[in-house]
Amino acid sequence: MNRITVYERANFEGLSREFTCDVPDLHELDFGDCIASLKVVGQPWIAYTAPKYEGEPHAFEEGEYPSVERPNSFSALRLVHHDLGDPQITLYERPNFQGACKVVMEETNLAYGYFNDRVASHVVQRGVWLLYQHPGRGGWHCLAWPGERLADYKPELNFQARLSHLRPLQPGRPL
């Protein structure tokens, strides 16, 4: 059973709610913009800073989070239903899937290689990926979903070929 339990205060204190399916607007359940800690069982969940899965996404894999990076800012929750086993993404040096390419199947810090700050497009074959602007999971980040074909980072992500780190979301343990 996949579930997320959210708490209004850090360290799992205060009011709490448990969810087992997507919640497009936490405000409708009187729990919007008040999450300060959470627990995830099973598959990862994505928390969004605006209703209807809009705004900045934050991924939470299985585990306990006594505090969250952006407390009191989540307005929607989405369970990751995709198969996260055997992840694969292809990165391209230029827009429209042109230039040199690199196939990535695991967490990778691009800062140590040719592709650091040189990725301009991608195709996700499998898994859900977190793409980071800076090495060590730093800076602005975005999600890349299975089947996604992003032809140009500049207008679509405002990333401007500044990808330095990426990692696939990890599947939860089956119960």
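Glycine is no exception: its Cβ is also placed from the backbone N, Cα and C atoms.
Under the heading domain 'Beta/gamma crystallin 'Greek key'', TrEMBL lists 2-42 (among others). Mapped onto DSSP classes, the domain 'Beta/gamma crystallin 'Greek key'' (2-42) shows 7 helix, 20 strand, 14 coil.
Mean per-residue pLDDT, taken over the domain 'Beta/gamma crystallin 'Greek key'' (43-81), amounts to 96. Summarising the annotation, TrEMBL assigns domain 'Beta/gamma crystallin 'Greek key'' to 43-81 (among others).
Annotation source TrEMBL lists domain 'Beta/gamma crystallin 'Greek key'' at 87-126 (among others). If one looks beyond the domain 'Beta/gamma crystallin 'Greek key'' (87-126) by at least 6 residues along the same chain, the residues whose Cβ comes under 8 Å of a Cβ in the stretch are 135-136, 144-154, 161-168.
Within its own chain, the domain 'Beta/gamma crystallin 'Greek key'' (2-42) has Cβ neighbours under 8 Å at 51-53, 60-68, 71-79, 172-175, counting only residues six or more beyond its boundaries. Outside the domain 'Beta/gamma crystallin 'Greek key'' (43-81), and at least 6 residues removed from its termini, the chain residues within Cβ reach (under 8 Å) are 2, 4, 6, 10-12, 19-27, 32-37, 128, 130, 142-143, 169-173.
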